[in-house]
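Notes for the one structure printed next.
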């Protein structure tokens, strides 16, 4: 019966309430990037906003009901009015045909009652109808009703007026009221509703600022779709005379203020389409609307609109080819934003959410010649012509020796790393091949493994590290890349030349030979990218010019000494599953240097077996652009999100002899991208990156906790944890994990012994790894209890078990220490928080508070910080340093933001000194404290805000996190850290349950063993067991008869004891141990998992508080005994801002107070500096702005200089006047 109780049948209303995402999309607020209107700039801007798509959808349903009425021929519609109150109640009203106020003959209900209060009621079920409306399924307005606290409707049609209200999520309603009104009064439909904001995870009766902007934009889109209708929001109409007016709002100026050409707009009966140019290339964006429905996920109409632009650009490309110009259409596309607003009959969407159009659209017939002429006029077109001519290209060609044949002697002297083919003669039986290897060790393998005959036609050239990404043809960067220059020179390539045949080159094939790991895939990709970007025709017309040489990644040796080679881990894992009972030894080849010369000779003996020919199609440059172009961030994010979500193994089919670019990108290059993200981005639960996790695991498994030299420790960690990325990077990570200065780690998992860096350079001033020592910190062992280790999931590398997939510390370490990382398409910047506050947050969640509530109280903090954290104007956090400003112009700086190094602060002050803002600096700072005296020019600062800004004493702290979730999925958090708290809470609590169960099992097994031992000892002492004359078998039978438990299938735990074990003292000890074990079992049974957690949190809190007190005391002790004193300037001294109110849960749950509080945002006081005539924006208007401190000082100096000049002039005039007055009386009268 218990199983049967799990099955439930819900009412349709309850189903909507329990599973709203099925009908209206997600009801969780998440960060989404979209266009919104910026009132200050007067145009659309692309911003990341906190959007609740479910709330947007229920408002949209009523808006679309109103807009659908436009197509109703029963009466002309003139307006749609939307009003949103401060209390969050929304009213949408429209005139027009109106809803018939009659009872349905079939259902005996009024039509408005059915339309707004009964699911699956609609007038749009006739699929033969030619009306272009948004409604289709009969859910629409009813979903809004169900997801609202209250919902009312007023309909006036043909002299009758209908009123009805619903509440309790459409479960209860008032009786419909129908009255007669003046038939001359206009028809109307008015819907008023109050959404259930708490159901959408929002504050009660409150629409956020971001959601107001999103709704404003949504209503604006509707106004653009129907410019003949007056559509207004809160009494303010959107006055679009045409679609072109709306499209102009998407035009944005360049960084220099220059405006792009006006958009290309075409309107027809089927809708409107606009191509909006931008002077700077960006991510391709398309915004589509169908019958008023915003299709957030695009669809067939967006694809068709892009195809219109693409085909027109191809026509432009053909026209320019006549002038020997080859245009890169893919890059030109990035200069355009596309709007497509369609009017469609019977459109079909992917779901009730209507986020994507799936039916074939009827597109406006855009005049192609007009569009082509428009494209040819674009000012940025010339910048994307694929030519590399010019002085710089000529210089590079000259440096590389391009365009002339070079002798082997010249090549040897100019390219020392090149081992050239021994003959220059051509032989049709052999393809002259240049092998490009990853590093010198791979070069040695190739060179030592090639036969004498192969060396006649095969050269070898090693590459060091990562190649330059030349996707955007940045020849200035290429000029500084010696490796690529030498590679091009070895091949005889010339920049700017179009190659039709590889026979024009010194080598007819480039064989790329790299390690079989993610970094090797990246190097292959960069080589392909370089040649496709600079010489696309060479690859298009010569399939296989670039070929990939593959070597085994795993070799298996069976008992019969036969071997199997596997070229991918996917292939090896598949073999393992089908040969589970086979005994074998596996050797992993992570690098080419692992292969012996004998193995290398085996590879090159049959080169064709190991070689795949790369085939490059004409349109493959689009995909390579998306991967390597720095501006295609959003594409890479989407690519990584899909790749990370895929749970299977992806790899190239090495049995095929050809490789396409899409296969290489999606099946091999993707491994580098995924590995790059795994290395750079932290795990949400333990806050660690793989290298940090390997270090922690390896150090914790060492016997004892003796200090070890960092350089030696890195070698040990590499060996035991299968680390493959160089010991230098490992040493840097070890050093960073031990740094404990303010702004380093709030919790340093390793102890620093030596110079591990300081606030002077934020840790970059550490000593070399061979001079410094470290060991595990005591806090690390508290955070990562040893009892957890048997319960964790571990990673297997090279056939051995290494570190856990992720740890589950007692606190979310990600929040304690923060995390910064730049991955492939994703980046993360999570600030640190006070560990005791994180502990308080966890305690609050244990007490029943929601993570969303708790996380709002967390404030970024660095242990030892002596400043304060404020709220910024946009809701962000601001770290503010502290200072004393004295009336004589002296400033004593005692703290700077923890994200700023003391050296960087000094450099900034030096710049101000060069502008005469600062007259003197005296730095008394140490490793972990700030103590700096400044003398400022009189009048340079007039308010405390100017002082903080000019002296760089404030830094904004933004939260932009991307982490790996507990299931390993890459998850962007944007500014919301609540998921981190929740994921950690769930995993840690689950671990305590498992640990409690395991410990109970161990204690009960121990008790059973002790009781069995007691039985045996008691029987022995009573003379019932004769050990002297017994055999091993008879003793085992005796133990079995006594009901003793077996341990490891034997009774050795009692039979192998010394004779002293059977003494009276031992018996007493055994009874005492049994009593203690029983007490431990009883105590553990009474201890809930959360209590186990609280006990360990108590232990951590005590230890950390002692650690923090010591750190702070050290900082205060290092300060000067006699700091500066004097009268403080009231105008320039920092104010003590009020603390923000603490947000507590309204749904119960006891809040645990936190130590760090954020101070309220207060607008800075107005500047008292004089205007110095700097014009605003470079345009007209002749305005002026308050100047910087440097400009004010310069202005004051100029004024003083001018005043001195005027004084001198006045003095000279006075002297002359006195002399003239003395001489005049003595002159003869006739002179006058």
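Every residue, even glycine, has its Cβ placed from backbone N, Cα and C.
There are 22 other Cβ atoms within 10 Å of the Cβ belonging to residue 65 (ATP binding site). Summarising the annotation, Swiss-Prot assigns ATP binding site to 65, 94, 122-124, 135-142, 352-354 and lists similarity to another entry as the type of evidence.
Sequence annotations record features per position, and here Swiss-Prot assigns Mg(2+) 1 binding site to 438, 515 based on sequence analysis. All protein chains considered, the CB of residue 438 (Mg(2+) 1 binding site) has 24 other CB atoms within 10 Å. According to its DSSP assignment, residue 438 (Mg(2+) 1 binding site) is in a strand.
Counting only same-chain residues at least 6 apart in sequence, those with a Cβ under 8 Å from the Cβ of residue 517 (Mg(2+) 2 binding site) are 590, 591, 675, 724. Taken from Swiss-Prot, the feature Mg(2+) 2 binding site covers 515, 517, and the record attributes it to sequence analysis.
According to Swiss-Prot, the compositional bias 'Gly residues' annotation covers 1175-1184.
Swiss-Prot lists 432-546 with the feature domain 'Toprim'.
If you look up Swiss-Prot, you'll see 681-1097 marked as domain 'Topo IIA-type catalytic'.
The region 'Interaction with DNA' annotation in Swiss-Prot covers 952-961 and rests on similarity to another entry. For the region 'Interaction with DNA' (952-961), the list of distant contacts is 819, 827-831, 860, 869, 872, 876-883, 893, 896-897, 899-900, 905, 908, 972-975, 977, 980: same-chain residues at least six beyond its ends, Cβ to Cβ under 8 Å.
Feature annotation from Swiss-Prot assigns region 'Disordered' to 1161-1184.
Residue 466 (site 'Interaction with DNA') falls within neither a helix nor a strand when secondary structure is assigned with DSSP, and so counts as coil. Among the features that Swiss-Prot reports, site 'Interaction with DNA' is placed at 466 (among others).
As annotated by Swiss-Prot, site 'Interaction with DNA' applies to 469 (among others). Counting only residues at least six positions away in the same chain, the Cβ atoms of 526, 529, 628 sit under 8 Å from the Cβ of residue 469 (site 'Interaction with DNA').
Shown in sequence order, 626, 627, 673, 824, 825 are the residues of the chain, 6+ apart in sequence, with a C-beta less than 8 angstroms from the C-beta of residue 636 (site 'Interaction with DNA'). Residues or ranges marked as site 'Interaction with DNA' by Swiss-Prot on the basis of sequence analysis: 636 (among others).
The DSSP secondary structure for residue 637 (site 'Interaction with DNA') is helix. For residue 637 (site 'Interaction with DNA'), the same-chain residues that are 6 or more apart in sequence and have a Cβ closer than 8 Å to its Cβ are 825, 826, 972. Sequence annotations record features per position, and here Swiss-Prot assigns site 'Interaction with DNA' to 637 (among others) based on sequence analysis.
According to Swiss-Prot, the feature site 'Interaction with DNA' maps to 689 (among others). Within the same chain, the residues at least 6 positions away from residue 689 (site 'Interaction with DNA') whose Cβ sits under 8 Å from its Cβ are 678, 679, 680, 681, 682, 683, 819, 821, listed in sequence order. Residue 689 (site 'Interaction with DNA') carries neither a helix nor a strand DSSP state and counts as coil.
For 729 (among others), the entry in Swiss-Prot reads site 'Interaction with DNA', with the evidence type sequence analysis. Of all the Cβ atoms in the protein chains shown, 13 others lie within 10 Å of the Cβ of residue 729 (site 'Interaction with DNA').
The C-beta environment of residue 770 (site 'Transition state stabilizer'), restricted to residues of the same chain at least 6 apart in sequence and closer than 8 Å, consists of 709, 710, 711. The site 'Transition state stabilizer' annotation in Swiss-Prot covers 770.
Within 10 Å of the C-beta atom of residue 822 (site 'Important for DNA bending') sit 13 other C-beta atoms, taking all shown protein chains into account. Taken from Swiss-Prot, the feature site 'Important for DNA bending' applies to 822.
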Least buried of the recorded positions 142, 466, going by other Cβ atoms within 10 Å? 466
When distances run from the Cα of residue 65 (ATP binding site) to each of the recorded positions 438, 466, 729, 822, the nearest one: 822
Taking only the Cα atoms, work out how far residue 142 (ATP binding site) lies from residue 438 (Mg(2+) 1 binding site), in Å, as a whole number. 63
Looking only at the domain 'Topo IIA-type catalytic' (681-1097), mean pLDDT returns 91
Cβ atoms near residue 353 (ATP binding site) (within 10 Å, other residues, all chains): 20
Do me a favour and check the Cα-Cα span between residue 353 (ATP binding site) and residue 822 (site 'Important for DNA bending'); whole Å is fine. 34
If you measure residue 466 (site 'Interaction with DNA') to residue 438 (Mg(2+) 1 binding site) at Cα, how many Å is it? 9
Which residue counts does DSSP yield for the region 'Interaction with DNA' (952-961) in the helix, strand and coil classes, in that order? 0 helix, 6 strand, 4 coil
